[in-house]
Amino acid sequence: MTHTSVSSTARVLGAGLRALLVLTLVCGVLYPLAVTGIAQTLFRDRANGSEITDSGGRVVGSSLIGQRYDLPLKKGEETPAPDLRWFQPRPSNGLGTNSVNTQYELILSGATNRSGDNEELIGWVKAAKAAVVKDNSTATHTVLPADVPPDAVTSSGSGLDPHISPAYAELQVHRVAERNGLDVRKVEHLVETHTTDRLLGFLGEPRVNVLELNTALRDLGRA
Amino acid sequence: MSPQLAGVLQLTALIAALALSYRPLGDYMARVYSSEKHYRPEKWIYRVIGANPAAEMRWPAYLRGVLAFSAVSVLLLYLMQRVQGSLPGSLGFSSIDPDQAFNTAASFVANTNWQSYYGEQAMGHVVQTGGLAVQNFLSAAVGMAVAVALVRGFARSRTGELGNFWADLVRGTVRVLLPIAFLGAIVLVACGAIQNFSGIHSVGQFTGGTQEWNGGAVASQEAIKELGTNGGGYFNANSAHPFENPNPLSNLFEIFLILLIPFALTRTFGRMVGSLKQGYAILGAMAVIWLGFSALMMWTEFAHRGPAFEIAGGAMEGKETRFGIAGSSLFAVATTLTSTGAVNSFHSSYTGFGGGITLLGMQLGEIAPGGVGSGLYGMLIMAVIAVFIAGLMVGRTPEYLGKKIGTRQIQLAACYILVTPALVLGFTAVAMALPTPADSMTNSGAHGFSEILYAYTSAANNNGSAFAGLNADTQWFNTTLGIAMLLGRFLPMVFVLALAGSLAEQRPVPETAGTLRTDKPLYAGLLVGTILIITGLTYFPALALGPLAEGLAS
């Protein structure tokens, strides 16, 4: 009796192992190779990360992945100061504190995971709001705390959000124009042409791709 | 257009897409699991396995197949991770430690996909594509097989035979999951999800310097991750990562993939038991809960109660600009009402009530519409309980689908619904009582408690999402969560298959004027009520300590 049950258990385990191996071949080798073959043939750019190049042909990153636009790190600074000539992405000051994200350095993605009543998060949001108001107020243009949209003071789920809201982009126009010596209306126009509306009018949210916008801005300055 | 209206339209589009696919897919799956025909590649596979696909199994044999296959799956996946450092194509990552390798192997085989590792920092191409993604297919196919066995238990009489596990496993994989995942993966690549086998490489940046990019077979894994209600992300940020979920269209498509099979299986069920209306009643109960939860989630997230969100002017912490509040809320509800656990936004940073909705969604047992297969069998167990309660009210022996629900059936159903609450509440209580597990919390107070409650809820219900502030890569959490995932997956399957066997042996009871009509809206309503009352009674005290306390304080 014991002997039969042992041998029947061994038999069904053997069948399980053979099933696993053959299905691994199908689902773990043939399937991903087939998808990769089609992807690399039909959608080569997208399958490889949607790289974008500037007018000089230099790769500047991916249209899907956010970046930081900072000044070189000065002595005594822990984090570099933002380079206010460029449109700034969503904040990342809270990311990295739980070892889960590296502040737009792509190697590790993730969120702060702080709750709405978390003291640290409240502190980061307040600090981000104050910084947005201060950085974006120019001699001729004052930004009020009430003008600051939520995405400007919170970090994203991936920590790599390539977008900001049109409201946050518009809020930065005066500062960017001043720092680059450009006409405000020209920069405003640039933001408008780089605003993506909801797909089909209802899918997703209106947004501005920061890298594409800054690339166009740099081209505008060079022209 | 207001974001709220856009959200309602996204939900409407989702309903339309699901409605259009419901009938063809549900009928197709009924044919797949009823057909006598074997395709040539399937015959080759059966020959390798050494199984006769036409041989009928009684429930103990069927269960042995499920358990043996899952056991070798855990073992192989464990070994692959343990030797990763010596495998080619591993991107230079070292082997995974024993406790984490056990946790991950248990997690993917149990259709949970809880991840205590950081995808892009731990797992190379071979383990991701040849191990983890394979279990995304196979654990889903096992779930569907068990569900189909239960349906056969209702549909058959005086036999005790439930079909052939190997045939159900292979057909679910080859005829259902593979073709849909293949098309889905192509759609995701077209949206911008990556699909390549590059190593970690540098790409130039705007202000100079470089970023480090991981390559990977991401789209192919993403498609089956959603379709099989698995949820394990290629990257740590899961479906919030732009390479996994690049734009609003891919976002809605991924939500669609999550819900596609679980809803359509109610049609398969109706078809196989010979009454489509019975399937509609189950579908109705699922849809009511899903729609209700979606509406509640959008309401609370748009209302953004909570100090940090009120200062920010919106609950955008942990959410992506391209999805916004609506696209994130719809995803969060779909992923926690199924056994998916993929996230496109981080549930820990939802409002207090929003986090509570994700928790409650899992605690319902993930049956609205639930995991692939597990949603249907979980809901049918609740249907049996609902019939029993109705029978008590009128003093008649309950029947469901022409089968008597006697002592043995109720015992099995009761055991089923006790397993996960016992695991969730038991492990949470022990973790809170011990001194060290609480060190893993990121947040304190009510939210810290929710992090641990969420972890065990997610594991025992095979969801896999997290209040990810919790540092779960400790020996305690890797081990206990691994155990919770395995018991939460396979113990209920034992009861389901035993129930299926006992039903298939019965002779049908003729329907009389006194029989409760289980194909009517009234019954669907009773079913929803039963689910909410049972879950509420079970979890209310725990929820009161966590998300309710947090939500009411803000």
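Cβ atoms are placed via backbone N, Cα and C, with glycine included.
Automatic prediction, not curation, is the source of TrEMBL annotations.
Sequence annotations record features per position, and here TrEMBL assigns transmembrane segment to B:61-80, B:137-155, B:176-197, B:249-268, B:280-299, B:376-394, B:415-434, B:481-501, B:522-544.
Residues 29, 33, 59, 62, 66, 69-70, 73, 108-111, 162-163, 165, 168-170, 172-173, 176-178, 181, 224, 227-230, 261, 265, 268-269, 272-274, 339, 371-374, 376-377, 380, 400-403, 493, 496-497, 499-504 of the same chain lie 6 or more positions beyond the ends of the transmembrane segment (B:137-155) yet place their CB under 8 Å from a CB of it. Using the rule of three or more Cβ pairs under 8 Å, pairs at least 6 apart in sequence, the transmembrane segment (B:376-394) is in contact with the transmembrane segment (B:522-544).
Away from its own ends, the transmembrane segment (B:176-197) comes close to residues 28-29, 32, 89, 125, 137, 140-141, 144, 215-220, 222-224, 226-228, 242-247, 249-250, 253-254, 257, 260-261 of its chain (Cβ-Cβ under 8 Å, at least six residues beyond either end). Residues 58-60, 62-63, 66-67, 70, 74, 99, 102-103, 106-107, 109-112, 114, 116, 146, 149-150, 152-154, 160, 162, 374, 377-378, 381, 384, 409, 412-413, 415-416, 419-420, 423-424, 427, 455-456, 459-462, 472 of the same chain lie 6+ residues outside the transmembrane segment (B:481-501) yet bring a C-beta within less than 8 angstroms of a C-beta in it. Counting only same-chain residues 6+ beyond the ends of the transmembrane segment (B:280-299), those with a CB under 8 A from a CB of the stretch are 4, 7, 11, 22, 259, 262-263, 266-267, 269-270, 325-326, 329-330, 332-334, 337, 353-354, 357, 360-361, 364, 367-370, 375-376, 379-380, 383, 518-521, 523-525, 527-528, 531. Here the transmembrane segment (B:522-544) has long-range neighbours at 281-282, 284-285, 288-289, 356, 359-360, 363-365, 367-368, 379, 382-383, 385-386, 389-390, 417, 421, 424-425, 428, 453, 516, meaning same-chain residues at least 6 beyond its ends whose C-beta is under 8 angstroms from one of its own.
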